[in-house]
């Protein structure tokens with residue numbers, strides 16, 4: 001009886017958590033809907049008097065708005081990609097591993113299994129990276145997200161504003177969302193500014209539209225500042241071919257910690273996210289190369305390009321087998337096993 005109550009309570013708490021996780025997304029959606037109303041109706045249709053100016057404002061606004069909402073939708077509803085079956089322990093191997101009480105033997109078992117897989121990163125102690133929740137050997141750059149309760153390929157972070165884990169499957173969409181968000185806020189701020197000044201000076205009648213125009217500029221500037229910082233940070237990550245997790249915790253390879261282990265050079269780093277075909281770079285469709293399970297590494301390219309060996313030396317790293325807290329900034333909310 002008591003066990004049934006505990007299970008029901010646990011299920012209820014999980015349900016509440018899932019519902020509450022959509023609150024940040026709902027807030028963003030409401031702000032966007034209000035901004036659409038304020039810009040299209042209160043500014044363009046009521047405040048702006050010139051027909052030509054109205055048409056120009058509305059055309060460019062809706063062009064940006066379509067890409068902004070499209071990329072946001074893709075960031076939210078593109079499911080994180082998980083490791084395929086070959087990285088999971090078989091039923092027999094799982095039983096052997098769980099029944100073995102000696103840590104050193106367990107470590108050797110995982111090492112033997114990993115020899116058949118394309119994994120080159122290790123924990124800080126040199127052990128094979130293993131997720132004891134998903135019962136799988138982690139592919140390179142894969143981490144366990146406690147919010148999503150699964151291992152995510154090339155995990156960057158868990159973002160509460162899209163209620164999704166950002167990783168290999170949707171990192172391109174997330175970057176595009178940030179870019180179009182910055183453009184959306186900038187466009188609104190620049191086109192609203194002149195009417196903000198007119199209302200401020202009393203050159204326009206103090207009607208209902210005044211509040212929407214004044215507040216629209218304030219909200220656009222506020223979001224622009226925070227978004228441009230976040231977008232700039234992720235641009236830096238892309239230029240170095242790093243994830244947010246790798247920026248805070250240097251990846252460890254079989255040869256040791258290497259902070260630039262996946263750095264292939266500026267152009268190739270961009271292509272690792274957006275693909276080789278530049279015509280797809282601005283459109284939110286999947287074009288990232290590979291399958292998310294393995295990635296080209298710097299050490300494999302140095303023999304082909306000796307100039308890569310002249311980069312800055314590697315940094316030391318801590319143990320990779322840790323739990324990350326659920327984020328203390330707007331950058332990320334992530335948990336890794």
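Using the three backbone atoms N, Cα and C, a Cβ is placed for every residue, glycine included.
Feature annotation from TrEMBL assigns compositional bias 'Acidic residues' to 312-321.
Taken from TrEMBL, the feature compositional bias 'Polar residues' covers 327-337.
Residue counts for the domain 'Palmitoyltransferase DHHC' (129-247) under DSSP, split into helix (H, G, I), strand (E, B) and coil, are 68 helix, 16 strand, 35 coil. The domain 'Palmitoyltransferase DHHC' annotation in TrEMBL covers 129-247.
Feature annotation from TrEMBL assigns region 'Disordered' to 306-337.
If you look up TrEMBL, you'll see 20-39 (among others) marked as transmembrane segment.
Here TrEMBL flags 55-73 (among others) as transmembrane segment. Long-range contacts of the transmembrane segment (55-73) within the same chain: residues 28, 32, 36, 39-40, 43-44, 48, 162, 173, 176-177, 179-181, 183-184, 187-188, 191, 282, 284, each at least 6 residues beyond the stretch ends and with a Cβ under 8 Å from a Cβ of the stretch.
The annotation transmembrane segment is assigned in TrEMBL to 177-199 (among others).
Among residues of the same chain six or more beyond the transmembrane segment (211-233), those with a C-beta under 8 A of the stretch's C-beta atoms are 31, 35, 37-39, 42-43, 47, 175, 178-179, 181-182, 185-186, 188-189, 192-193, 195-196, 199-200, 330-331. TrEMBL lists 211-233 (among others) with the feature transmembrane segment.
A Cβ distance under 8 Å defines the sequence-distant neighbours of the transmembrane segment (20-39), meaning residues of its chain 6+ beyond its ends; these are 61, 65, 68-69, 72, 76, 147, 160-163, 188, 192, 212-213, 215-216, 219-220.
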